[in-house]
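Asker: Dumping the structure here so I can ask a few things about it.
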Amino acid sequence: MIRLAVVGARGRMGRLVEEVVAAMPDAEVVHRVGSGDPLAFGEADAVVDVTLPQVSPDVVRAAGRASLPVLVGTSGWSADRLDALRAERGEGGPAALVVPNFSLGAVLAARFAEQAATWFDSIEIVEAHHAGKADSPSGTAVATAERIAAARSGVGPVAAPHTDQRARGQQVGSVPVHSLRLDGVLAAQDVHFGAPGEVLTITHRTQSREAYAAGVRLAVRALPGLTGVVVGLEPLLTP
Ligand SMILES: NC(=O)c1ccc[n+]([C@@H]2O[C@H](COP(=O)([O-])OP(=O)(O)OC[C@H]3O[C@@H](n4cnc5c(N)ncnc54)[C@H](OP(=O)(O)O)[C@@H]3O)[C@@H](O)[C@H]2O)c1
């Protein structure tokens, strides 16, 4: 039985974690922390952080001081932040599992985009999120573009003309990324691959927060067996 402390327990993701864990026979939420509470973890064996990008590093540090593994669902863990975390935590010791997207469909969509990356020279990403999302492009779009760029290291940057024009999006690893912020949308991403005579589009839609449940379960179960800093659900998915 994994006993969890949830930081950000009263937020939307915190409530989802509570609901998912309540249905798991092998996990239990034993401690809940909100913005008005001391940052402590009670009798927990592991910590789940679903707070705010500016709060998350303190939660992760506090979990490290308490020698507890931490599952981070909060956004904002850029490559720089992750490098600093790796330096802080080292290779061994309890894990920090940082999951930018709990949706298994989104993780697989990024994997498929990586597979297609070398076969098309025109590649662009269009992502859409609810109007309340403060940051753009989304972390998922940035991660997808970075994976495409890494896969193309042998063939070079994508062919993206006229990127000096603002409407052509923000380039991430040479891939133009376009962000929509719309009422009525939760999260969506289309990766378009163009070649002479054809276009392949890899589409993912998050229709409701239920999309995160399977990923939360997978991450909670994997956490005790991990060490060091692990990023994303990809390493937890068998081929
Ligand atoms: N990984 C994924 O798949 C995924 C999916 C969706 C969202 N997210 C990310 O998850 C995070 C949370 O999203 P959300 O929609 O749940 O946001 P939310 O509803 O605004 O909840 C955030 C929670 O953080 C808590 N909080 C703020 N400061 C705190 C502090 N100093 N100590 C402890 N708790 C504190 C708040 O507690 P009080 O209520 O007590 O003030 C609030 O309940 C965001 O970064 C979001 O982008 C990730």
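Backbone N, Cα and C atoms are what each Cβ position is placed from, and that goes for glycine too.
Annotations in TrEMBL come from automatic prediction, not curation.
What you are looking at is a predicted structure, and each value in this text was computed from that prediction instead of being measured.
Below are the features I grabbed from TrEMBL:
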- H129: active site, proton donor/acceptor (ACT_SITE)
- K133: active site, proton donor (ACT_SITE)
- G8, A9, R10, G11, R12, M13, G73, T74, S75, V99, P100, N101, F102: NAD(+) binding site (BINDING)
- R32: NADP(+) binding site (BINDING)
- H130, G139, T140: (S)-2,3,4,5-tetrahydrodipicolinate binding site (BINDING)
- 2-102: domain 'Dihydrodipicolinate reductase N-terminal' (DOMAIN)
- 105-232: domain 'Dihydrodipicolinate reductase C-terminal' (DOMAIN)
Asker: Can you list which of these recorded positions (G73, H129, H130, G139, T140) have a Cβ closer than 6 Å to ligand 1?
Answerer: G73
Asker: Please name the residue among the recorded positions R10, R32, H129, K133 whose C-beta has the most neighbouring C-beta atoms within 10 angstroms.
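Answerer: That would be H129, with the most Cβ atoms nearby.
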Asker: Centre the Cβ atoms of H130, G139, T140, go out 8 Å, and tell me which other residues of that chain have a Cβ in range of the (S)-2,3,4,5-tetrahydrodipicolinate site.
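Answerer: So the additional residues around the site are S75, N101, E127, H129, K133, D135, S138, A141, A187.
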Asker: Counting by DSSP, what is the helix, strand and coil composition of the domain 'Dihydrodipicolinate reductase C-terminal' (105-232)?
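Answerer: Its residues fall into 45 helix, 40 strand, 43 coil.
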Asker: Reduced to three states, what secondary structure does DSSP give F102 (NAD(+) binding site)?
Answerer: coil
Asker: In terms of DSSP three-state secondary structure, what is the assignment for R12 (NAD(+) binding site)?
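Answerer: The residue in question, R12 (NAD(+) binding site), is helix (DSSP, three-state).
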